[in-house]
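In what follows, a structure is listed as structure tokens, so that the remarks can point back to it.
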Amino acid sequence: MKIKVILSVAVTVLFFIALSRGQDAPRDGGPNICPTVATETVSETVSYNEPYTYRTTTWCWSWAFFRCSQYFTKYRLGLRIEQRTIYKMINKCCLGYINVNGICLAQCSNDCNNHGACVAPGICKCSPGFTGNNCQSVCVEGTWGSDCDRRCDCSGHGTCSTVDGICMCAAGYTGENCQTTCHKSFGVNCQIPCACQNGATCDHVTGACDCAPGFYGPLCHLECPPGTHGDSCQNKCLCQNGGKCHPVTGTCDCSHIFGYTGAYCNEPCPDNMWGFNCNSTCPVCYNGKCKQATGKCECFFGYSGDNCQTQCQPGRYGDSCQIQCPCLNGGTCYQTNYGGDIACNCSTGYIGKYCNQTCPCDNGARCYYTVTGIIGCDCPAGFIGDKCNIRACPPNKYGVSCEYDCMCVQNRTELCHPYTGHCFCKPGWQGIYCNQPCSFPYYGENCTKVCDCLNNGDCHHITGECQCQPGYKGVRCGERCDEGTFGYKCEEQCYCKNGASCNASNGRCTCTPGWNGTFCTSPCDGYYGLNCASQCLCSKMTSVCDPFEGTCRCQPGYTGKYCTEQCSAGRFGSQCSQLCSSYCVQTKSISCHHVTGECICKPGWNGLNCKSPCPASKWGPNCLNSCNCKNDGTCDSTTGNCICPPGYLGTYCEQKCGGNTYGKDCAFRCQVCGQNEQCNPVTGVCELASCPPGYTGPNCQVACPPNTYSQNCSGICSKECDNTKAYCDAVTGKCICYPGFYGPNCQYSCPTNKYGLDCKYDCACENGICRPYDGHCHCYAGYTGLMCSQSCPPSMYGNLCNQTCRCLDMEYCSSVNGCLLKPSANQSVKEQEFSTPVTLVIVVVIVATILLVLLILGVLYFRRRVKRLKHQNREQDNTTRDLEFVAHDGFGNPTYNSTLEDNQQNRNRSPSSLASHDAHHLAGLFEMDNPDKNVYTTHKSDINGTYNKKLTEKMMFYSIPDNK
């Protein structure tokens, strides 16, 4: 009977346990599970240290029989009933997830409208061409792809497919991105050729002709009418005097007009020109001008002849130079008007009608006749006196009132003009202020002397001394630098090597044939001869070029003038001087290698002596070629031709049988198949037609298995599309990242502060780590809540706050580590009763003799009494020290001396059994929920609140002396 009752109770308990968990409860360890805290209140008996006060006496200097009271606070074991709240963790699907057969799956509205996949709560990954929170919308114009997240790139000249982004170009444009305008054509797809003429351009959209200047008409086939020119023939011609206008440029042609030229045929012929368009040249009129009417010379005064080339003798003028000039003292005749009177132009220092009188004036003053007929001086500004020989201003002043300072550089100037301030320079200087040296090649006074330095040598602007260019020396720079030197004054040393010559001016090296580089230290590479200017014709791969002469030195296995010819059959090595081994003339070899002498096998054979046939997938000489046959085709080891299995043909067996054929070489005709059936290319059996991409099965209702895609699931997804981080699109074969991953192949996890699809959401965990695929927070120890923003409930600690504190009175519950000792030190209360001795000075004086006797007797008595009491106190202390917890200047807890086994036994006892255990063991016991994770931690605090960190190490016990 008892057994039946026990079985029924067990069945009932199991039923309620199963009912409380639920048949489809989320599985432990599964994704998207959020633990939830449940509470329960329980009653339990606990032990604690009950304090009480203990009084004793001790010896002291007191008239109360030399005894003082002393008080101690002691503890004894006590029991009490406490109410405690227990917290339990239960599993639930996180917000946004639903429980499907024990798995928490993301939930999306309307199942993404069958146009995408639900990858996170309320987040759909849309198929190409769709977008929206639930993939309910078709991509708007200008976007395409999954979630419409890609922009069309049709250059603004077309529209693109919302699925694959392919551009459909507008009229007048072409190219993959509609980026190219039609050339010599127009319209949709640039299909219509342009018909414009005479260099006109064609509109790439409409085909309308844009005429070049000088033409008009719908096809620009007509030239501008007379009198017009330019774009659309809108400009009027400006030609005059019968000039002809060009229809394109509007320039005037004056070639048929006599006596006119210029841009508009309106300018008379210039000097020395005459005739049509002024194209005829007048004869050379050396001292005259050409008459444009006749083309003959008209001579100036003092010249004669057909070309006015004959100058009259001094003192003669007129036609044929027949008239004598009356001017004296070097004066010259001149004609006052064309064909009129003659006058004299006197030389300096003379005056008069015929220059027959001397002028007495200085400083360039002009002579003139006064009213009375006396010669006077007209002084230039700045000079005074009868003969203009006195300065009007001090040496460094000039101007009307001498108000200006001379600007001349003093040490370079002879004189500052007293009126104009003009500077008259010293030898070697020129310029307005005499501040510039003479220009090369002049020097000296007024910069009129010419330097005689050779080889572009500069001369000193004052003395004319030569300053030689680099590379020359000597008084007149006529000597070259000595060999091995160069530069200014030939003071630099040359560094040219390998017989190179040194430029005396700049030290640059001219290399001998075969060398180059700054100092001719590098031999030619790929070139030869002087300055390495001639290119070697030798084969770089098979020879070395002589840098001096350009001859070719052949590598082993090659011969010929340029080493481009391989050794003839049967020979190899340097200069083709070695004969091939006899092994290489067998039936399965061709010859030997021209460089190494190794045997070259016939197609289909390999090995040292060409005795081994090619392995599978290899063919050709020495089996060096790889087969490229598809669909399990094999290749001929000699020719490499593919031998196709039944159902395939083509060069690489890449084509399935078509045209209602099947079998080997597609040589057999298929039977007539029913509707929506097709012939199997291998067996010829009728099967259902191909399913759309992404589906398979008899009715095309089964989605492609993992890692396959395309029609009939024939495509194999890339190995880089890892199933743990991404899935392969069953239609396109592209990698679609799971939430929490990103990258071309979804190989990267989201950064620490990101989560979700494409890692585009920010984590919100305050005291925890964000789960990368859904943003769920994994809290640090001591924290809980959806965002890890809450500390553990009271008496709970650890990861997920799923452990319960069971702390003693002297401990507190840490939300991270559990029970820890309180940081304050025990304190003791000690009271002493003091008695003040009564001074009996007066009595002693009166009854000295009596008191002296009594005092001696009393001292003897009390000394014996004190010894006996002190002996009793020692025995009492020794009997109580191990049973009492004394709070006096530190710890008196013997638990620290217990062993690991003692503590292990105590840990497994119930509170009731603890009551009978030694009281001094209670202070070191800690009971925790999980016996596999118990940690015993002891803190010893001092008066300042510090503690010995070493005492907190797990599973360590210490005996702490009172003086520590």
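First residue shown is number 1, and so on along the chain.
Positions of Cβ are set from backbone N, Cα and C atoms, glycine also.
So that you can see what the record holds, here are the features copied from TrEMBL:
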type: DISULFID; residues: C108-C118; note: disulfide bond
type: DISULFID; residues: C126-C135; note: disulfide bond
type: DISULFID; residues: C169-C178; note: disulfide bond
type: DISULFID; residues: C211-C220; note: disulfide bond
type: DISULFID; residues: C327-C344; note: disulfide bond
type: DISULFID; residues: C346-C355; note: disulfide bond
type: DISULFID; residues: C379-C388; note: disulfide bond
type: DISULFID; residues: C468-C477; note: disulfide bond
type: DISULFID; residues: C511-C520; note: disulfide bond
type: DISULFID; residues: C644-C653; note: disulfide bond
type: DOMAIN; residues: 30-106; note: domain 'EMI'
type: DOMAIN; residues: 105-136; note: domain 'EGF-like'
type: DOMAIN; residues: 144-179; note: domain 'EGF-like'
type: DOMAIN; residues: 191-221; note: domain 'EGF-like'
type: DOMAIN; residues: 229-266; note: domain 'EGF-like'
type: DOMAIN; residues: 317-356; note: domain 'EGF-like'
type: DOMAIN; residues: 360-389; note: domain 'EGF-like'
type: DOMAIN; residues: 443-478; note: domain 'EGF-like'
type: DOMAIN; residues: 486-521; note: domain 'EGF-like'
type: DOMAIN; residues: 624-654; note: domain 'EGF-like'
type: REGION; residues: 896-915; note: region 'Disordered'
type: SIGNAL; residues: 1-22; note: signal peptide
Listed stretch, out of 105-136, 191-221, 360-389, 486-521, that has the most CB pairs under 8 angstroms to the domain 'EGF-like' (229-266): 191-221
Round to the nearest Å and give the CA-to-CA distance linking C327 (disulfide bond) with C388 (disulfide bond). 27
Are there residues at least 6 beyond the ends of the domain 'EGF-like' (144-179) whose Cβ is under 8 Å from a Cβ of it, and what are they? 116, 125-131, 137-138, 186-190, 203-206, 736
Find the one among the disulfide-bonded residues C118, C178, C379, C644, C653 whose C-alpha lies closest to that of C520 (disulfide bond). C178
Quick one: mean pLDDT on the domain 'EGF-like' (624-654)? 88
Quick check: of the disulfide-bonded residues listed here (C108, C344, C346, C653), which one has the Cα closest to that of C211 (disulfide bond)? C653
Using Cα coordinates, what distance in whole Å links C344 (disulfide bond) and C178 (disulfide bond)? 89
Below 8 angstroms Cβ to Cβ, which residues of this chain, lying six or more residues outside the domain 'EGF-like' (191-221), approach it? 170-173, 181-185, 229-233, 246-249
How big is the gap, in Å, between the Cα of C220 (disulfide bond) and that of C355 (disulfide bond), rounded to a whole number? 80
Whole-number Å value for how far C118 (disulfide bond) lies from C178 (disulfide bond) (Cα to Cα): 36
Mapped onto three states, the DSSP assignment of C344 (disulfide bond) reads strand
